[in-house]
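> Let me give you the structure first, and then I'll get to my questions.
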Amino acid sequence: MAAPKPEEISHPAMDQLQGLEYCIDSNPSWGEAIALGFQHYILALGTAVMIPSFLVPLMGGDDGDKVRVVQTLLFIQGINTLLQTLFGTRLPTVIGGSYAFMVPIISIIHDSRLMKIEDNHVRFLDTMKAVQGALIVASSIQIVLGYSQIWAICSRFFSPLGMVPVISLVGFGLFDRGFPVVGKCVEIGIPMLILFVAFSQYLKNFHARQVPVLERFALLISVTMIWAYAHLLTASGAYRHRPDITQVNCRTDRANLISSAPWIKVPYPLQWGAPTFDAGHAFGMMAAVLVSLIESTGAYKAASRLASATIPPAHVLSRGIGWQGIGILLNGLFGTLTGSTVSIENVGLLGSTRVGSRRVIQISAGFMIFFSMLGKFGALFASIPFTIFAAAYCVLFGLVASVGLSLLQFTNMNSMRNLFIVGVALFLGLSVPQYFRGYTLKALHGPAHTKAGWFDDFLNTIFSSSPTVALFVAVFLDNTLEYKDSARDRGMPWWVKFRQFKGDSRNEEFYTLPFSLNRFFPPS
């Protein structure tokens, strides 16, 4: 048998992913785009409901308060998504709530001055105003780093090799929100996972009017079917005598959102009252803002691949971070109870549907704003059990992680130096945050536990984020271990042309600002 040719052994490295139906600036028909936008809206509901559902009761809030926070978060998600897709990176990314802010927010909730308040509603309002003040101050970090182009300068130390662990752990680092949640209600979680994989992969060649309906709308179809199935189980009394934790994760009527939601309610700035400011609260929140910045950096690069765009140039990435900082400022002004970051699950959905259109994401932002004001209708969709979303996360987070691994094609993975960096960064990126989370669950406080609460919040937040730990380890090792002689092994010849806006002719097509704004803000 003849020896195989080199091209038969390996596949050539490609700047853009192949097989995507619509890229960042190409659009499906209006009807299809609206349906896809609604699908992104449904997926974004998971985090928008989960964060307030966990935090509001800890603050002393009731179901009515929870509904208002969910509505406000969705409203600001829609506005921030529009701002980011129009004036930020211009990538098709949904800007949603972030779990990175949980540590400093829980610390504020447990502040002794707030815990002494006996009236639950007053405690809820005072805690909300304290969180708002911390978010408003901390948002300055991203605004300054973004618009001053400092983050663009920092990104010059990033290489494809250094970003592999960061992007991969943007997905892999969220493993605890996947199957561990599915396992809390396997009777709806497992069928959802099976249906989603079957429709999106095994039946993807089924077409109706030349549209791959099952592949493109796999999430929407699966959620509808399993939601109806879960409602049938709930109505039949299947969970009547089950433990509370099972009922919360399985029943469709435990969220109490529909009955508590107003018909029409428009969120507005300072709706909870004037924010209060505390230096310790703000400093702890700054750590969450830094984590959000790093996680979003990885997510933007993943979204660019799944939208068949080029890697965003340094100044475009920095511009997006600046607008994300404004988004966190809006979070603080309106009172969403969390900050903003790129929604990882929606980035994964770009790959699942093979549609990376910017217009689709802008339509989904319209749904967020519209249904946040129509309380009853928005609450109806928000009553979907979180287990259903967790099943979809098992696929979508994995897709984002694999995009990070795809950057290895531009590096030399026969180099022991590269193997060392990727392996150590991936392992520590998973292991260190797992230690911090496990320690916190057992001791009810993080490993950093001193008399300076703001210092504890800072360290516990930073080291609980997998992409953040991976960035510190990978970028440090990549820029200190034989870096002068390993530019080609690190993938820099491929990466360098995307650093400048005019380094690649395709950048102008993907990242130019609308309405001829580039005349006033010329690219660097």
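Cβ coordinates come from backbone N, Cα and C, glycine included.
Nobody curates TrEMBL annotations by hand; they come from automatic prediction.
Annotation source TrEMBL lists transmembrane segment at 38-57, 93-109, 130-151, 157-175, 182-202, 217-239, 360-382, 388-407, 419-438, 458-477.
Mind mapping these onto the model and telling me what they sit next to?
If you look at the transmembrane segment (38-57), the same-chain residues 6 or more away from its ends with a CB under 8 A from one of its CBs are 65-66, 69-70, 73-74, 77, 94, 96-97, 99, 102, 105-106, 109, 124, 217, 219-220, 223, 255, 257, 337-338, 343, 345-346, 349, 353, 360-361, 363-364, 367-368, 371, 381-382, 384, 386, 389-390, 392-393, 396.
If you look at the transmembrane segment (93-109), the same-chain residues 6 or more away from its ends with a CB under 8 A from one of its CBs are 40, 44, 47-48, 51, 55, 58-59, 73, 77, 80-81, 83-85, 127, 130-131, 134-135, 177, 281, 284-285, 287-288, 291-292, 295, 299-300, 303, 324, 327, 336-343, 346-347, 361, 364-365, 446, 453, 456-457, 460-461, 464-465.
Counting same-chain residues at least six beyond the ends of the transmembrane segment (130-151), those with a Cβ under 8 angstroms from any Cβ of the stretch are 101, 104-105, 108, 111, 114, 272, 275-278, 281-282, 284-286, 288-290, 292-293, 297, 314-315, 317-326, 328-329, 331-333, 335, 337, 339, 524.
For the transmembrane segment (182-202), the list of distant contacts is 214-215, 218-219, 221-223, 225-226, 229-230, 233, 245-246, 249-250, 352, 385, 387-388, 390-392, 394-395: same-chain residues at least six beyond its ends, Cβ to Cβ under 8 Å.
Within the same chain, residues 35-36, 38-39, 42-43, 187-188, 191-192, 195-196, 199-200, 246-247, 250-253, 349, 352-353, 384-385, 388, 391-392 sit at least 6 positions outside the transmembrane segment (217-239) and bring their C-beta atoms closer than 8 Å to a C-beta of that stretch.
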> Counting only CB pairs under 8 A, let me know which of 360-382, 388-407, 419-438, 458-477 has the most with the transmembrane segment (157-175).
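It is 388-407 that shares the most Cβ pairs under 8 Å with the transmembrane segment (157-175).
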> Using a Cβ cut-off under 8 Å, which residues of the same chain at least 6 positions beyond either end of the transmembrane segment (360-382) come close to it?
22, 27-28, 33-34, 36-42, 44-45, 48-49, 67, 70-72, 74-75, 77-79, 81-82, 85-86, 92-94, 255, 257-258, 260-267, 346
